[in-house]
Amino acid sequence: MSSKKKTKPVLPPGPVMVDVAGTTLTKDEKRRLRNPLVGGVILFARNFTDRRQLCALTRAIHKARKEPLLIAVDHEGGRVQRFRDDGFTALPPMQELGKLWDRDPLAAMRLATEAGYVLAAELRACGVDLSFTPVLDLDYGVSKVIGNRAFHHDARVVTMLSRALTQGLALAGMAACGKHFPGHGFVGADSHHEIPVDPRPLARILKDDAAPYAWLGDLVMPAVMPAHVIYPKVDAQPAGFSRRWVSEILRERLGYDGVVFSDDLTMEGASVAGDILARAEAALGAGCDMVLVCRPDLADELLDRLQVQHPAASVERIRRLLPRFAAPDWDTLQNDSRYQHARRLQSQIVSG
């Protein structure tokens, strides 16, 4: 009788990113993560009680497959920061950096880089690979869901500050994901609960809102997330389900070759595409590399029904998002002078 230990098969990252319910993995979740269609896990505030628990959870997720799954989180600063206690730095809303730009552009650039570094260094010390940041939407003073998450109303300022922030992310070994292509800032409706409609023509959107994506490209911004917003003068489908937006405009016209994530397919803004299978098929058919499904019951339904061959190009793009070097643990990070300085700067801008 053979005594050889069974080895896990090497599965490439699949096209579906799922969530987990709590602070540890259940048996059902471990089974779900072994599904070949799964390529990543998104974490939320409910998955965090303290750093020790978070590190244990991310280790368990990474160990679920021989080729580790991508672990992501929405951790932008301001009101969208999933981990807030047990040593995590309170990061400013990005609008504060835009206000600083109006007074002192160089200081704003420096602080943006330091914000990106602190954000990424702390997440990576706890085993998180990617934050869905920065927000590239322009601040028109209309969208409550975007609001102070946006850097500025000027596309040039948004581009410069987001570039500086991504440099900070890169210093800690983390990639960036710009959102929400081609722009969510012009509409008041919240795509979590409604289906926003932006009536502007394509030329206006490309000139203003989409300009940061064109200027930054995939070398600076290796991932992008489209908006669950309908632009009827361009396509009847929300951008994330639109081949015109993802394949023709983003990939071909703007020459973008990074990862395209769908936004959460369980949001109300995605309901126009149909049930969960129809939503996933529409997003992948439009050119997305990975779809987010942030409800376990719908994730299981999708994994049971979805039949798709993940393109080799998508697999390679997703692999490029994984960190390229090991991160220092939390205690080592706390003793790093660069980190200490960057953290003090964030505290100053948060406290005003």
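Every residue gets a Cβ built from N, Cα and C, even glycine.
The following features are taken from Swiss-Prot:
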type     : residues                             : note
ACT_SITE : His192                               : active site, proton donor/acceptor
ACT_SITE : Asp263                               : active site, nucleophile
BINDING  : Asp74, Arg82, Arg149, Lys179, His180 : substrate binding site
SITE     : Asp190                               : site 'Important for catalytic activity'
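Counting every protein chain shown, 17 other Cβ atoms lie within 10 Å of the Cβ of Asp74 (substrate binding site).
When the Cα atoms are compared, Arg82 (substrate binding site) and Asp263 (active site, nucleophile) turn out to be 17 Å apart. For the recorded positions listed here (Arg82, Arg149, Lys179, His180, His192), the lowest count of other CB atoms within 10 A around the CB belongs to His192.
Note on proximity: of the recorded positions Asp190, His192, Asp263, the one nearest His180 (substrate binding site) is Asp263, by Cα distance. The least crowded of the recorded positions Asp190, Asp263, judged by other CB atoms within 10 A of its own CB, is Asp190. Largest Cα to Cα distance within the recorded substrate binders Asp74, Arg82, Arg149, Lys179, His180: about 19 Å as a whole number. Closest by Cα distance to the residue listed as 'active site, proton donor/acceptor', from the recorded positions Asp74, Arg149, Lys179, Asp263, is Asp263. Look at Asp74 (substrate binding site): DSSP puts it in coil. If you take the Cα of the residue listed as 'active site, nucleophile' and the Cα of Lys179 (substrate binding site), they are about 9 angstrom apart, rounded to a whole number.
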